[in-house]
Amino acid sequence: MDVGELLSYQPNRGTKRPRDDEEEELKTRRKQTGPRERGRYREDEATAAEDADDDKKRLLQIIDRDGEEEEEEEEPLDESSVKKMILTFEKRSYKNQELRIKFPDNPEKFMESELDLNDIIQEMHVVATMPDLYHLLVELSAVQSLLGLLGHDNTDVSIAVVDLLQELTDIDTLHESEEGAEVLIDALVDGQVVALLVQNLERLDESVREEADGVHNTLAIVENMAEFRPEMCTEAAQQGLLQWLLKRLKAKMPFDANKLYCSEVLAILLQDNDENRELLGELDGIDVLLQQLSVFKRHNPSTAEEQEMMENLFDALCSCLMLSSNRERFLKGEGLQLMNLMLREKKISRSSALKVLDHAMIGPEGADNCHKFVDILGLRTIFPLFMKSPRKIKKVGTTEKEHEEHVCSILASLLRNLRGQQRTRLLNKFTENDSEKVDRLMELHFKYLGAMQVADKKIEGEKHDIVRRGEIIDNDMEDEFYLRRLDAGLFILQHICYIMAEICNANVPQIRQRVHQILNMRGSSIKIVRHIIKEYAENIGDGRSPEFRETEQKRILGLLENF
């Protein structure tokens with residue numbers, strides 16, 4: 001085996017499936033050697049067997065000899081061999097660059113150097129097995145050279161670099177050597193890797209299989225880096241990635257794995273990041289998300305992958321609505337009308353649309369959306385969902401508890417924010433049909449009160465055991481217990497009790513009498529409701545200004561005076 005064969009040898013890394021055309025070729029070969037074909041040569045079978053044995057022996061001798069030569073030639077992967085590999089890479093990169101400058105209009109002159117360059121890039125994949133040696137890639141400026149090649153005139157070379165970077169930044173590999181990973185990620189960030197990747201993305205043609213793979217691997221690099229260093233998401237978005245993702249999502253192309261991946265990376269960039277949420281709003285991203293989701297108002301996703309993309313887009317929208325400026329964009333983009341239509345159509349998108357409405361209306365920033373929701377007859381949509389949880393929600397991955405949480409949160413937001421005629425229309429709903437909605441509210445109250453009492457009993461037992469062991473229950477433990485109680489049902493119970501307090505303060509005697517009547521019938525007490533609301537007020541407004549928190553607490557506690 002000569003040196004050229006060794007250099008061009010590429011081990012099967014097992015990361016990609018065989019392509020469709022390769023599979024077809026394999027099938028064709030199998031067909032060509034089927035029983036009928038073999039039958040034609042039965043007369044020569046004995047002779048062929050003898051020849052085959054001789055050929056087999058000769059082949060085994062050649063393999064053994066080549067194997068011995070390879071063992072002698074092959075160096076173990078250590079610092080020295082990596083340095084040698086990087087040096088070869090730099091030489092080939094420089095030679096290719098030199099020939100391209102010298103013979104810009106004569107590809108034959110530089111094509112061989114390009115193939116050599118591609119070969120050494122493939123060989124460098126072996127470095128991904130030794131993250132402890134990543135520092136050599138930085139110290140010997142290989143990272144800088146690789147980033148430079150992302151702009152290579154030949155997209156085959158830039159795609160090869162993307163493939164290599166994807167493997168070097170594999171999240172499992174990065175965690176094998178934190179020190180090596182930090183050095184590599186620092187160098188990539190300093191070299192503005194995302195900006196260069198986006199420039200390369202702009203010229204890739206996804207109708208070409210290799211270039212579509214290049215897009216997928218580019219997104220994988222971003223995901224890997226974001227998982228290892230979440231703070232780089234802001235810089236990545238500002239370097240053109242967010243704009244490219246939005247453009248790719250709205251491109252008129254059939255749904256594929258790359259569109260799914262784009263939705264996933266978009267959701268990652270927006271997670272807990274107000275700067276990126278604001279940037280998305282400025283780029284008209286709210287409209288893009290609403291346009292993409294509008295497809296699912298009357299049609300369910302056709303595959304599990306398409307459903308996953310839909311959920312990613314809903315998550316991205318919910319994340320954006322955490323920012324008040326995006327609530328206004330959502331309102332102007334007729335997001336409320338779209339979500340209301342989805343609730344009525346009863347498709348898979350309904351559960352996620354409910355979650356979006358919850359995010360759009362919550363807090364004082366949701367006041368405009370609350371008023372508009374009543375104007376578009378949203379009360380006719382939300383109250384049937386309040387009266388009865390849909391049976392099919394389990395099929396779309398939403399629990400009955402999650403559904404009831406969102407509905408009660410929306411009603412609480414409406415009661416908090418509505419004024420004038422819209423508020424009157426809302427309160428009238430609680431008096432319709434012999435106050436059936438008050439009855440349903442009380443039914444939910446006792447349902448989640450029971451769940452809370454079970455959870456509280458368990459937590460009290462745990463606290464007793466801790467004290468008995470002589471340990472102290474610190475603030476962190478108390479916070480953990482409170483979060484457990486919220487998850488067990490306290491969160492929705494607080495909203496239910498808040499709704500009770502609001503409607504009992506509405507100067508509608510019929511509602512107040514019905515609430516007290518049901519509490520007495522069930523042997524419950526107004527004191528329990530008061531206690532839950534006080535606890536709710538004490539914990540409200542986390543992450544907001546002290547002024548808002550104080551004002552909101554006074555307002556909520558004021559409701560108890562006339563309860």
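Placement of Cβ uses the backbone N, Cα and C atoms for every residue, glycine included.
Annotated by Swiss-Prot as motif 'Nuclear export signal (NES)', the relevant range among 130-140, 185-195, 218-228, 493-503 is 130-140. Outside the motif 'Nuclear export signal (NES)' (130-140) by six or more residues, the chain places 77, 79, 82-83, 86-87, 90, 146, 168, 173-174, 176-177, 179-181, 183-184, 186-187 with a CB less than 8 A from a CB of the stretch. For SER545 (phosphoserine), the Cβ neighbour count at a 10 Å cut-off comes to 9, with all displayed protein chains included. Under the DSSP three-state reduction, SER545 (phosphoserine) is assigned to coil, being neither helix nor strand. The Cβ of SER389 (phosphoserine) has 16 neighbouring Cβ atoms from other residues within 10 Å, across all protein chains displayed. Here the Cα atom of SER389 (phosphoserine) is found 68 Å from that of LYS91 (N6-acetyllysine).
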